[in-house]
Amino acid sequence: MTAYIQRSQCISTSLLVVLTTLVSCQIPRDRLSNIGVIVDEGKSLKIAGSHESRYIVLSLVPGVDLENGCGTAQVIQYKSLLNRLLIPLRDALDLQEALITVTNDTTQNAGVPQSRFFGAVIGTIALGVATSAQITAGIALAEAREAKRDIALIKESMTKTHKSIELLQNAVGEQILALKTLQDFVNDEIKPAISELGCETAALRLGIKLTQHYSGLLTAFGSNFGTIGEKSLTLQALSSLYSANITEIMTTIRTGQSNIYDVIYTEQIKGTVIDVDLERYMVTLSVKIPILSEVPGVLIHKASSISYNIDGEEWYVTVPSHILSRASFLGGADITDCVESRLTYICPRDPAQLIPDSQQKCILGDTTRCPVTKVVDSLIPKFAFVNGGVVANCIASTCTCGTGRRPISQDRSKGVVFLTHDNCGLIGVNGVELYANRRGHDATWGVQNLTVGPAIAIRPIDISLNLADATNFLQDSKAELEKARKILSEVGRWYNSRETVITIIVVMVVILVVIIVIVIVLYRLKRSMLMGNPDDRIPRDTYTLEPKIRHMYTNGGFDAMAEKR
């Protein structure tokens, strides 16, 4: 069965190596380097999800029950040193507990806890609103109260025992390590020395040892004793945590050897002081050890660019600072919250980000899709290390080779020049001289005529200067706009002026008066005509609607006709 498990592990490891190699090979690093894009070999990705908890109870003063009070004065002096170290820490913990309350739903029956609701409610008394730091501190207090009963039992047992190390487990299986680092020295050396060397000499040896222990205590836990916040534990503190044997971490933490190396290298094991007991001179630390999970088949590459030349012009390719490659995915990686070890990136979540399609195709080797910008200043990098050598743009830079500082002439048909230990031992770029790695090799394979994508503008924008320019432009535009409005009000808008309106009113009044005068004149003229020609004096030839036969009767017409007859 054991052989089968080992065989399965070997097969899975081989498949992981093959998959990682395939993922790495999908990025043509040699082709990209010809246009100044430098991509490293990449590191694996691990997600730091949950964590394991440990508690360290440090007994800082050994149990000295020597004859005739031998060594008592030295212990009192040692305690005064500890008071200066621990009293500010105790006061800060008291203040934190006064500001933050943690309500636990706990009922007890005959001293036995029946139920526990871990960190149910975290509120504030003095501050009103809980900040993220207060919530973190509240959770730490909740955890401390959960383990308080177990830690109290250990403290009690430590005062009654003369053992230097006690390793127990609490009710939830978390380890509590009790350390009495000076007890072995007292038991093995001080007590026998009293009968051989006398009390005074033994007391002096004890005083020297206490001073040395205080110095070692500050070395191992100095950063943790200086604050009530989380601080990384040193290797010395980890050795104390694991019985002075750092390799025992591999057997006590449920993780692999590479994960242990990563958390130690990146200082991700955190310790927080949660209790200070000045009566017994004991300090309790809560230790968080992250559990890492590796994401298979994923590599995070660090990418950068230097300028390159095409037809005598200097260009620059824009690429994301980090590239995440997966079997069927290629994108960017946001490593803001990640920590980097020698072999991996440790992130609290998946850092993958989408990038434009043109950048994806560019990173995959299609240089015609690479977004580029024209270089107009000297701030763009001109060289970089790659494969143990140097890749440099020697058209835009002054490059020398060898101890004789021989100038390097770059072919204008090539974007960059590759300098290694084989063709140039001492490399100089713009006055900076460096030696190439002897194991480096020439990376000029695949050099060919290159074409790149359309130019884009990526020059950084000074927002303050641009805002000032925009404000000045708006002020000038406002003045010009007022001038334009004034001109427009004078051109084509004559009927809106006050003088024009008054003139129109006067003309209309004059016209109205003339019309009235004409009507009156006509009326008087007609009336005078009627008064000068009454109806009985109308001449015969005057046109009238009355028949002329009426005039014949009235004017004696018939009488004249009768006489003629």
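Just so you know, glycine gets a Cβ as well, placed from its N, Cα and C.
Fair warning: this is a prediction, and the values are worked out from it, not measured in the lab.
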Per Swiss-Prot, the range holding region 'Leucine-zipper', considering 269-307, 425-463: 269-307
Swiss-Prot annotation, disulfide partner among C347, C362 for C338: C347
Range annotated as coiled coil - as stated in Swiss-Prot, picked from 310-335, 362-387, 466-491, 518-543: 466-491
Sparsest Cβ surroundings (other CB atoms within 10 Å) among the disulfide-bonded residues C347, C370, C399, C401, C424: C401
C399 (disulfide bond) and C424 (disulfide bond), distance between Cα atoms, whole Å: 11
Pairwise Cα distance for C401 (disulfide bond)/C347 (disulfide bond) [Å, integer]: 42
Spatial neighbour of C370 (disulfide bond) that is closest, considering only the disulfide-bonded residues C338, C394, C399 and their CA atoms: C394
Summary of DSSP states over the region 'Leucine-zipper' (269-307), given as helix, strand and coil counts: 0 helix, 32 strand, 7 coil
Confidence summary for the coiled coil (142-170), mean pLDDT rounded: 60
Euclidean distance between Cα atoms of C347 (disulfide bond) and C394 (disulfide bond), Å: 38
C362 (disulfide bond) and C338 (disulfide bond), Cα-Cα, nearest whole angstrom: 26
